[in-house]
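Student: Structure below; questions to follow.
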Amino acid sequence: MEKMPKWADVLLTPLISLVLAMAISALVILAIGESPVEALTTMIDGALGSSYGWGFTLYYATNFIFTGLAVMVAYHASLFNIGGEGQAAMGGLGVALVLLSVPLPHWALALPAGMAGAALFGAAWALIPAWLQAKRGSHIVITTIMFNFIAAAALNYILVNLMRPVGSMDPASARFPEATHLPKLSDMALAFGIEWGKNTPVNISFFVAIAACLLVWLLIWRSRLGFEIRAFGKSEPAALYAGINPVRITVIAMLISGGLAGMMAINNVMGEAERLVLNAVEGAGFIGIAVALMGRNHPLGVFLAALLFGFLYQGGGELALWTSIPRELIIVIQALVILFTGALDNMVRMPLERMFLAIRKRGA
Amino acid sequence: MASDMQTGGRLATAAPAAIELRGISKSFGPVQANRDIHLRVERGTIHGIIGENGAGKSTLMSILYGFYKPDSGEVLVNGRPLTITDSQTAIRAGIGMVFQHFKLVQNFTVLENIILGAEEGRLLRPSLSKARGVLKRLAQEYELNVDPDTRIEDLSVGHQQRVEILKALYRQADILILDEPTGVLTPAEADHLFRILEGLRAEGKTIILITHKLREIMEITDTVSVMRRGEMVASVRTGETSPEELAELMVGRKVLLNVQKAPARPAQPVLEIRNLRMVDDAGVERLRGIDLDIRAGEILGIAGVSGNGQTQLLEILGGYPPKGSTVSGEVRVNGGPLPLAGAACNAAERRRQGLGHIPEDRQAEGLIMDFAAWENVAFGYHDAPEYGRGPLMDRDAIRRDAEGKIARFDVRPPSCDLAARDFSGGNQQKIVVAREIERNPDLLLIGQPTRGVDIGAIEFIHKRIVELRDAGKAILLVSVELDEIMSLSDRIAVMFDGRIMGERLPNEATTGDLGLLMAGVDPATAPPDTMPPAHEHVEDLPREA
């Protein structure tokens with residue numbers, strides 16, 4: 001029997017966790033002598049109060065959708081992929097190599113090519129930890145986190161020594177050809193005569209991210225492969241009994257996961273920077289973990305949680321800009337959200353379950 | 001004080017019961033696990049409590065041991081009301097508990113386990129030497145011999161259980177509760193346990209025995225209480241009842257305790273196993289040359305104490321040999337070789353070759369506990385074309401199929417959407433049995449088909465297995481329940497230490513004969529003086545290296 005209604009499970013619990021996290025954040029803000037109310041209005045104004053704010057919020061959310069989906073898919077196979085950071089970085093390299101080496105006449109061609117490059121490189125970066133896990137039992141948490149550092153170091157070398165245009169002082173690749181630049185949402189709105197989100201980086205990748213949510217949902221809950229991934233994730237002995245090959249599922253799940261993380265590069269590298277720069281991922285790989293946790297490992301939840309974290313990211317930037325609250329505080333707030341929605345989930349869930357049981361008993 | 005005087009007054013009229021429960025109720029959310037339970041256990045008796053799974057036996061005993069707090073009702077120990085808030089209170093009141101799953105520290109010695117939680121002072125040595133003395137005395141008094149310096153991990157299950165009993169006695173338990181104590185024992189070990197319990201009773205100790213085995217209740221208890229759906233439906237003197245009556249009380253209707261089946265008509269061989277060997281990842285030979293044949297239309301039962309290679313045999317035949325093991329030998333199904341290693345050795349391929357498999361552990365292997373019933377009906381057959389073409393699954397087709405299976409196998413509640421974990425053990429097993437039997441396999445592997453399954457469902461599952469046999473299919477049945485093996489099988493093979501010790505026909509086999517084979521002794525060849533006394537344990541016998 002369900003302990004509480006589904007809506008309470010998927011909506012109420014994270015919402016209460018969020019309120020708790022915000023309450024404690026408010027105390028922290030009070031403690032440093034600022035006004036929590038002012039901080040909240042600044043964040044909401046800056047992230048959601050204008051189409052400009054929305055443009056940035058959605059741009060960040062796009063990143064987080066991809067990395068959140070990546071964590072989610074691996075999670076369903078009971079694999080904790082915390083290598084999204086490195087896989088997304090490698091995805092950026094894939095995008096850059098494709099766009100700089102193949103002359104593509106139009107963004108409509110460049111987008112699928114860039115997606116392929118990003119997914120391929122991201123997946124390849126996840127393949128080695130997956131293989132080590134499946135064949136040698138090396139724990140994927142350890143290997144993926146180590147691969148983050150290897151990716152960062154490798155990109156550093158590649159950008160400084162191999163991809164940097166001659167004469168440039170900047171550890172970055174050359175700019176991608178003009179024809180491959182992705183349309184911004186502001187341009188697309190303008191085509192319909194609407195002025196929206198001028199000078200914001202959100203681009204067509206946002207729609208790719210939404211499509212990815214749908215495809216991942218189809219994969220996990222409607223396909224045979226998803227059935228096998230979920231079954232394997234719940235019980236490896238049962239998977240063996242059912243003839244599901246653990247090596248195959250581990251590798252495939254991680255390839256999909258790494259591919260999704262890598263796809264983030266079409267947003268930040270291809271859509272925004274339009275060249276490969278150092279440290280382009282900016283922690284989005286790690287935020288993906290929080291997004292997947294808070295989104296209860298469901299694509300819809302991931303989408304909503306990514307929006308929330310996009311808001312926190314953009315709002316946090318505004319906070320640093322307009323108040324004397326340091327930007328670091330936003331990391332504290334994010335950490336509190338992660339703490340409450342992830343680690344302390346049961347703290348909220350169990351009293352809620354008891355409450356719903358009591359209500360039901362009275363009703364019966 | 002007034003209350004004391006009252007108690008004293010009652011004492012004068014009749015000896016107080018060791019345990020008396022008055023109106024105990026306990027519910028978990030909407031589930032009423034215990035409803036207004038009254039129970040009286042006289043001092044110096046063995047009292048049995050029987051009931052199907054989920055009848056509320058374990059909840060009741062957990063209340064007695066302080067794990068749960070009753071919603072209402074009263075517990076009296078030796079005539080005095082007692083509020084048992086935790087296990088420490090229970091222990092101080094002289095209650096000891098031997099759990100079904102032992103609570104021992106595997107890499108501690110017997111002695112260390114015994115004083116664990118009962119250490120006196122900061123230094124261990126005085127406690128240890130005191131315990132050693134007490135242990136020696138207990139061993140003499142009650143036939144409870146265990147070497148105090150052996151580590152738990154090196155002890156057989158039967159010996160581990162003795163340590164649990166010793167632990168309780170060391171804490172001066174007067175009332176001993178045993179939860180399904182014989183589930184893991186050979187018949188000989190069970191006999192020994194019963195002798196220990198009889199010795200304890202003779203010393204005036206009170207014993208509560210929780211079990212679902214009617215034979216044990218009849219054999220050893222003085223009085224017996226029957227629980228059904230959270231209620232105590234009867235408390236009777238064992239001498240004045242019969243197994244049939246108890247079974248009927250447990251289930252609430254008449255139950256056929258013996259399987260009704262026509263003689264088998266074996267046809268062509270379906271499974272042929274020749275010299276099957278398996279060495280596990282630690283280099284230990286777990287199967288030492290198994291030869292077996294099963295024909296179409298017969299049930300071959302494999303008896304044996306668990307841990308003698310039955311699990312490995314099932315896993316190898318099922319297509320998933322234990323990790324890191326090396327398998328050799330030859331296995332044929334319907335004349336075609338069964339791959340024992342490599343990519344072709346997997347459970348999906350086995351199913352295509354006409355094998356079905358009801359695994360020993362339905363919760364760890366046979367089902368995904370978080371999946372809905374309909375998903376579990378497809379589990380293992382999720383590649384089948386009738387469940388959808390292409391990469392997507394046809395949920396409607398699977399649900400239709402699941403609904404049919406659930407109806408035909410009387411799974412309760414008849415809900416497709418309920419997660420497997422929300423069904424009772426018996427109904428979980430019915431889902432697995434329905435899935436495997438309705439695929440109509442040529443060879444069905446069955447491990448512990450009725451472990452933790454209530455009597456009503458056992459009867460049903462046995463009937464379906466016999467029906468499959470009568471449809472001309474071959475069945476390999478592994479069970480540690482000797483009664484089950486004896487009543488279902490057409491032939492019985494006994495496994496010990498990775499070998500088939502011998503084969504018997506069920507009508508000529510006796511429990512004693514099979515018990516010896518299960519302990520590794522072939523009564524036909526062993527001269528009488530090498531036969532171990534019945535209470536000796538398997539592990540005590542000399543083994544080949």
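Cβ coordinates are placed from backbone N, Cα and C, and glycine is handled just like the others.
Sequence annotations record features per position, and here TrEMBL assigns transmembrane segment to A:12-32, A:52-75, A:87-104, A:110-128, A:140-160, A:202-221, A:249-270, A:276-295, A:302-323, A:329-348.
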Student: Examine the transmembrane segment (A:202-221) against the transmembrane segment (A:249-270) and state whether at least 3 Cβ pairs sit under 8 A, considering only residue pairs 6 or more apart.
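Tutor: Output yes: the transmembrane segment (A:202-221) sits against the transmembrane segment (A:249-270).
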Student: So which of A:12-32, A:110-128, A:140-160, A:302-323, A:329-348 is most in touch with the transmembrane segment (A:249-270), counting Cβ pairs under 8 Å?
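Tutor: Top-ranked stretch among A:12-32, A:110-128, A:140-160, A:302-323, A:329-348: A:110-128.
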Student: Looking only at the recorded stretches A:87-104, A:302-323, A:329-348, which one has the largest tally of CB-CB distances under 8 Å to the transmembrane segment (A:52-75)?
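Tutor: Most contacts with the transmembrane segment (A:52-75): A:302-323.
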Student: Same chain, outside the transmembrane segment (A:12-32) by at least 6, Cβ under 8 Å from its Cβ: which residues?
Tutor: 39-40, 294, 296, 301, 305, 308, 325, 329, 332-333, 336-337, 339-341, 344-345, 348-349, 352
Student: For the transmembrane segment (A:276-295), which recorded stretch in the set A:110-128, A:302-323, A:329-348 gives the largest number of Cβ pairs separated by under 8 Å?
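Tutor: The stretch I would name here is A:302-323.
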Student: Checking distant contacts: for the transmembrane segment (A:110-128), what same-chain residues at least six beyond its ends satisfy Cβ-Cβ under 8 A?
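Tutor: For the transmembrane segment (A:110-128), the nonlocal Cβ contacts are 70, 81, 83, 86-88, 90-95, 97-99, 102, 104, 143-144, 147, 151, 179-180, 182, 204, 208, 251, 254-266, 269-270.
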